[in-house]
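Report on the structure given below.
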Amino acid sequence: MSPQTETKASAGFKAGVKDYKLTYYTPDYETKDTDILAAFRVTPQPGVPPEEAGAAVAAESSTGTWTTVWTDGLTSLDRYKGRCYHIESVVGEEDQFIAYVAYPLDLFEEGSVTNMFTSIVGNVFGFKALRALRLEDLRIPPAYSKTFQGPPHGIQVERDKLNKYGRPLLGCTIKPKLGLSAKNYGRAVYECLRGGLDFTKDDENVNSQPFMRWRDRFLFCAEAIYKAQAETGEIKGHYLNATAGTCEEMIKRAVFARELGVPIVMHDYLAGGFTANTSLAFYCRDNGLLLHIHRAMHAVIDRQKNHGMHFRVLAKALRMSGGDHIHAGTVVGKLEGEREMTLGFVDLLRDDFIEKDRSRGIFFTQDWVSMPGVLPVASGGIHVWHMPALTEIFGDDSVLQFGGGTLGHPWGNAPGAVANRVALEACVQARNEGRDLAREGNEIIREACKWSPELAAAC
């Protein structure tokens, strides 16, 4: 062996599996204001110490690989590596830990959720040293969030566009979700809008199938919107689903919606992908379209408690990528959603500044600086008896979306919409008069039933 080879070997370039904690576990590290911070729920394999597991997460989601490579000497690992800077046990779980990891800002491309997730929730989730791994929360520093456009318009601009203030907005998903012709679909939209709803919605499954091509649906829905607006004197909208198999086709559908003069389009942001979603958000801001976001596929990612990613992370990513509405659970309907946790990520969607609050699952203080907020959409198995609770829980800056709760009315779509609007107006008025919606909600609805036969029939 030559002296030169011996020197290289002694300098630390010997092949072999290495301990990650020697390089990537840094409990003395003081986080920087520009760091992206992550909280991972780590379940190590038996025999793997938590410090090694946390360091492995930091390494494999940043600069690390399983062995020392000679090109490590060509860059500054201290500048670019992720660092596991704190580990704590999960209460009630012997084998689970929260590992806090700090990432230098230079690891990520500006304005790209796709690039951020490729590192932070990439191959590390298949790492053999871990039985399970879940990303619980992210802290996005202003230095990074300012590289994103964010929502096309935001809450205040949407209210100004619609000229609707002081109450939640009302919506309805048209059912059956699949099988209607475009003309019958448009008729259902018209009946709901003329009855008092602000919005109707394409189901996320509706794209451009043989029974109803997208262009036909857009035309009949636009006709329904204009007719309902003329009759009610209110601005109406229908979430026209622009989701498509290619970005080019998606933008083509959004262009047609703009040409029809409708106010809003829709996108399935997880199924469609963050790159497509960000492209559509840019188009919507440039062309005055609101953007409704559906979260189809989220439960594949966020439902398991020890593996995947919490929805609060997906919600933060959506605010960065761009959307004016996003479905956020109901707390009271058919779909899963714990109240305090749900309100935690609802605040992350709407507010400018959110303090750390572990009781609500918020691991980091988040400052969105000037990024517009996103309206949370409550939908899934809700009806008029839920209206007091929904009004109290979600407040004015929300969209309450009743599918079966509107279309299932015994008298039809329009009376179902009337029932929802009357229930909402009654709850808002009662709240403004100082009544307790949580305690008096049922009584408020019963009182409103006396002067609204449509609401009485719905109850």
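Backbone N, Cα and C atoms are what each Cβ position is placed from, and that goes for glycine too.
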Listed co-binder of substrate (same site as ASN123, THR173, LYS177, HIS327, SER379, source Swiss-Prot) among ARG295, ARG303, ARG350: ARG295
Residues that sit under 8 angstroms from ASN123 (substrate binding site) by C-beta distance, when 6+ apart in the chain: GLU60
Neighbour-count leader, CB within 10 A, recorded positions: LYS175, LYS201, ARG295: LYS201
Euclidean distance between Cα atoms of GLU204 (Mg(2+) binding site) and HIS294 (active site, proton acceptor), Å: 7
Nearest recorded site to LYS201 (Mg(2+) binding site) by CA-CA distance, among binding-site residues THR173, LYS177, SER379: THR173
DSSP three-state assignment (helix, strand or coil) for ASN123 (substrate binding site): helix
Surrounding CB atoms that lie within 10 Å of the CB of LYS177 (substrate binding site), all protein chains: 13
Set of same-chain residues at least 6 away whose C-beta sits under 8 angstroms from HIS327 (substrate binding site): ILE293, HIS294, ARG295, PRO376, VAL377, SER379, GLY380
GLU204 (Mg(2+) binding site) and THR173 (substrate binding site), Cα-Cα, nearest whole angstrom: 9
